[in-house]
Structures are given as structure tokens and as C-alpha cells.
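Enquirer: What follows is a structure written as C-alpha cells; I'll ask about it next.
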Amino acid sequence: MEIQYMYTQVINKIKNLPTTLYIFLFAFLYRLPSLGVDFINNDAFLWKSRSYEFGKALMSLDFAKTAVTYHPGIPLLWSQFIAIKIYSLLDFLIYKGVLSPNAEFITNHIIQKTVLVFFTSVLVALAFFLLKKIIGQRSSILVIMFVLLEPFYLGLSRAIHTDTMISLFMFISCLYFYIAFSKDNIIERNGKEAILSGVFIGLAALTKSSALFLIPFYVLGYLILRRFDFSEIKKLLIVYLFFILSFFAFWPAMWVNPVGSLNLYLFKGVEGVALEEGHGHIWFGVETLDPGPLFYPIAFVSRYSMFMVLMFVFGIYFSIKNFKRKYKFNINLIYWFAFIAFYFLMLTFVSKKLDRYLLPITFPVAIFSVYWIRNYFSKKVLALIFSLFVFGRFVILFGLHPNYLAYYSQLVGGMENGRTLIEPKWLIAYDKVALFFNSDDEPEKVKVAIADFDYLRPFAKFEVLNIRVEEERNKADYFVLPVYREERNKFYLDSYNLEKLNDVITVSGVEYYQIYKSRGKK
């Protein structure tokens, strides 16, 4: 009887826990499997190096040197600084300096990713807490789950990079802004929303300069939410004031060298890279530096799931239909549509184009996706749809794990066709390559030539060679070539006696790398 009572008490306590806590736990825990032993994204080594520079500058009080890059990625650097200190503590208490260089790298990598995932999970929970004030708890749960179970978002959120952080900072700032300026009296407020909106603009801008988009957007956002009522204009100025204050407060370089830091940020980051430099792509099978204005619409259709894209289209359709029938604007949807449309426009004008730059529109797109579902289906049908969605998504994610960035929508023919439209810019399935050769009876005697070799070495028991350097590839026992880069592969196939093996590296059943036994040059 007493045990049953205790059991009932525990269950009741679990039921009474805030939903925000469950959102945090899900956002954190579902990203932990294989975290740190999955992949090393292309810029990870740079961010690791920058985080050590940043930490060294902090510890020596040489604050000017915390301006380590134009991005400037400050929140990411703070998180990695914390991760470095956690490793130092563990090394002092447990490892005691006995780890090999390779084991030390992997351990650090796991800790760095875990700290970043923890931090972004807190931000996801905060976003949910704010969003439910605007659209209600059930709709907010759907929005968050739609985003968290997107393969593209999931893959990027496991990387040591700025994309997930900037998307969350921008979304949270927009939520605070909406709560601060909306005329909806039902929304619960505490009077600090304008301040916090400004703080999160600052954090977003310190993450990446593309967040400066919010500065002009909030003028439009104010006009949409206040409907040309200028009585709250002072509150808008408060948003901008706290943006400036937080930009100074969280970046130590601004304390001692504001002019030099801003020059690095604006002229190298915004003008030099975003507006003048392009980025190499394989675009519809052709190599180019500028894929043109259709890049982001096609990237959206290709990289986001068919479910998300179609729900977004239906959401727009039904919101227009609803307006025509009732002649009533949905201010919430207009606000988010303006964000999506103008962010798309801004990205299109920027010369450097990458599919991951789309990430900040993910949450607003999910809001549109949920809008029509919540308004056109009963609770029972909605529960069935959600259950099928979660089941189907877990099947997809299980097949991809941990190579979620290999995902391409069925709208473009899936992974096999999608990667020829827009080449994946980060490395896919190197964990599978490592597993294949590590399984050899004597892996230490095996020599493998592959592109982007640095990102395979930490996971390899075998010798990894740079396939682009002739002296190195001449020593290789095996060549590993991506099946979708036929033109680049032709050089190696024409220059070397390569025996195609039956073994193929696949992701979710799709061939990704072909393995060749090298018999030397022809």
C-alpha cells in the first residue's frame, strides 16, 4: 500500500512538471546518441582553434584578442571556453594526462558538442515558453517538434558551428518583440520583453553578422504589430539600445578596442565575405561560385522535408483563403511571413550562398505549418496525424543516424538526386568509412586516400592520406571516392589502376562512397 502511494506520488510529480522542462529534456537527450563520434564538420577545427585563442585571451585579460574572427561567433566561443574548462577539470580529476592525443581529441570533441547541445536545448525550451504565450501550448508543442525532428535542423544542431545558435537567438528575439508590441491583450507580459528582445539581437549579431537583418526588420515588424500606431516608439528605441549594450557587454574586445573590433566585424565580415566573396558549389551538376537567385528556393525544397514544405505551402494557402472569407488579417502570420520573405530576399542578395544559411526561417516556417493543421482538423485527427508524423520521422532518422545532413526531400528525388542539385557542403558518412577500414584484421597497416582527410583521421586506426596530393595518394592501398562526383573521380580512374570492390559505403540504403583497391599509377 505504501509502495503504491509512493508510486502515485512520483507519477503525479512527473505529471506536474512544466512542459518547458520536457521540451528541454527531449531537445537535449535525443541529440546525445553518437554525439562526438559522428562527424567533424568542416569548420570545426577552425572553431576549436578560435575557442582556445578566445579562452587564452580571457584568462590573460588580453581582451582585445577575443576578436578572433569576423563572424564573430562570441556565444559559440563562450560555450566552447566552458567545454575546455570542463575537460581540464576532468583531466585533473580522472584522466590525469594519460590520454593519447587521439583519445584526448575525441574526449574534447564529445564534451564540446555536449555543452553546445545543452546550451541550444535551453534556448529551445525558452523559445517554447515564449511561443506558447502567443499561439498556445498545443500549437507550440507541434511547432517545436516539427523543427526538432527535421533531419536538416537535427544535423546542423549537432555541429560545432554558429547556425543553430543564430537561428535560436533570432527567433527568441522575434518572440520577445512580438510579445512586447502586439496589441493582443490576452498575451501575458512582464514589461521586460523589449529589453530582452534587444539583448537577444545582440547575442544573435555577436554570433553572426547576418542577424543585423533584424535591425531594419523590426521597423517593419513594429508597423505590422502596432498597425501604424506610433505610441510605443520609445519602446522600439529601447530594443535598439539594449542591442547595442549587449553587443558591447558580451564581447570583451569591444571593451578595449571597439573601433578595431567593429572594423573586423563590418568590413571583413559583412562587406568582405558576405557581399564580395562567393562560395564554390556543384549546382545542377556544374561547378560555380554563384548559383544565382533560385538557390535558396531550391535549397528550401531540397533540404527540408516534404512534410515541412507542403505544410508551409498549405499554411499560406489557407491563411489567404481565410482572409478572403472573413476579410480579417492574422497579424501573427503576417509578422512571420514578413520575416521569412525578407530574410529570403536578404540571403538572395548576399553573394556567399549556403543551404545552412536558411536555418533561421525554420521556426517561422513551422508556425505556418501548424496554423492550418490546428484550424482544419479535430483533436482526434490531429493526434493521429501527429502520431504518424513522429513514427515516420523516427523511421527516417533511424535510417540516417548519425548522418542526418545526408537527407534530401522526396520532392527532389531524395538523397540520390538531391545531392546533384545542391552538393552537401559538410562531410557525410566518414564514421562509416572509419568503421569499414577499422574492421580490418590489421588496420594499422592499411593506407587510405580520401578527400578532406583531416576529418577522418581522428576516428581512424589506419593511415589516412590526402588524395589531392600525388605523393600521398601514390602510397595508398585504397581510394575512397564519392559516387556523385563523377567528373572529379574521372581523373583518379584514368590515372590509376583502380579495382572496384563490391563493398560500398551507404547511407540509408543509398550508395555514398565507392571503395577501390589501388594497383598504382597507369
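Each residue's number is its place along the chain shown, starting with 1.
From the backbone N, Cα and C atoms, a Cβ is placed for every residue, glycine too.
So TrEMBL has the following annotated:
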type: DOMAIN; residues: 119-248; note: domain 'Glycosyltransferase RgtA/B/C/D-like'
type: TRANSMEM; residues: 21-40; note: transmembrane segment
type: TRANSMEM; residues: 77-98; note: transmembrane segment
type: TRANSMEM; residues: 110-131; note: transmembrane segment
type: TRANSMEM; residues: 137-156; note: transmembrane segment
type: TRANSMEM; residues: 163-181; note: transmembrane segment
type: TRANSMEM; residues: 201-225; note: transmembrane segment
type: TRANSMEM; residues: 237-256; note: transmembrane segment
type: TRANSMEM; residues: 294-320; note: transmembrane segment
type: TRANSMEM; residues: 332-351; note: transmembrane segment
type: TRANSMEM; residues: 357-374; note: transmembrane segment
type: TRANSMEM; residues: 381-400; note: transmembrane segment
Enquirer: Is it true that the transmembrane segment (381-400) and the transmembrane segment (110-131) have 3 or more Cβ pairs under 8 Å, skipping pairs fewer than 6 apart in sequence?
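Expert: The answer is no, given that the two segments have fewer than 3 Cβ pairs within the 8 Å cut-off.
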Enquirer: Across the domain 'Glycosyltransferase RgtA/B/C/D-like' (119-248), what does the mean pLDDT come to, as a whole number?
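Expert: That region's mean pLDDT is 95.
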Enquirer: What are the DSSP helix, strand and coil residue counts for the domain 'Glycosyltransferase RgtA/B/C/D-like' (119-248)?
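Expert: Across the domain 'Glycosyltransferase RgtA/B/C/D-like' (119-248), DSSP assigns the residues as follows: 106 helix, 1 strand, 23 coil.
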Enquirer: Compare 21-40, 110-131, 163-181, 237-256 by their Cβ pairs under 8 Å to the transmembrane segment (357-374) and return the stretch that comes out on top.
Expert: 163-181
Enquirer: Using a Cβ cut-off under 8 Å, which residues of the same chain at least 6 positions beyond either end of the transmembrane segment (21-40) come close to it?
Expert: 106, 109-114, 117-118, 120-122, 124-125, 128, 141, 144, 148, 154, 157-159, 401-403, 426-428, 430-431, 455, 458-459
Enquirer: The transmembrane segment (110-131): which same-chain residues, six or more beyond its ends, come within Cβ distance under 8 Å?
Expert: 19-21, 23-24, 27-28, 31-32, 35-37, 48, 51, 76, 79-80, 82-84, 86-87, 90, 140-141, 143-144, 148, 157-158, 160, 164-165, 168-169, 171-172, 175-176, 179, 363, 367
Enquirer: Using Cβ atoms only, state whether the transmembrane segment (294-320) and the transmembrane segment (201-225) have three or more pairs under 8 Å that are 6 or more apart in sequence.
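Expert: Per Cβ check, the transmembrane segment (294-320) does not touch the transmembrane segment (201-225).
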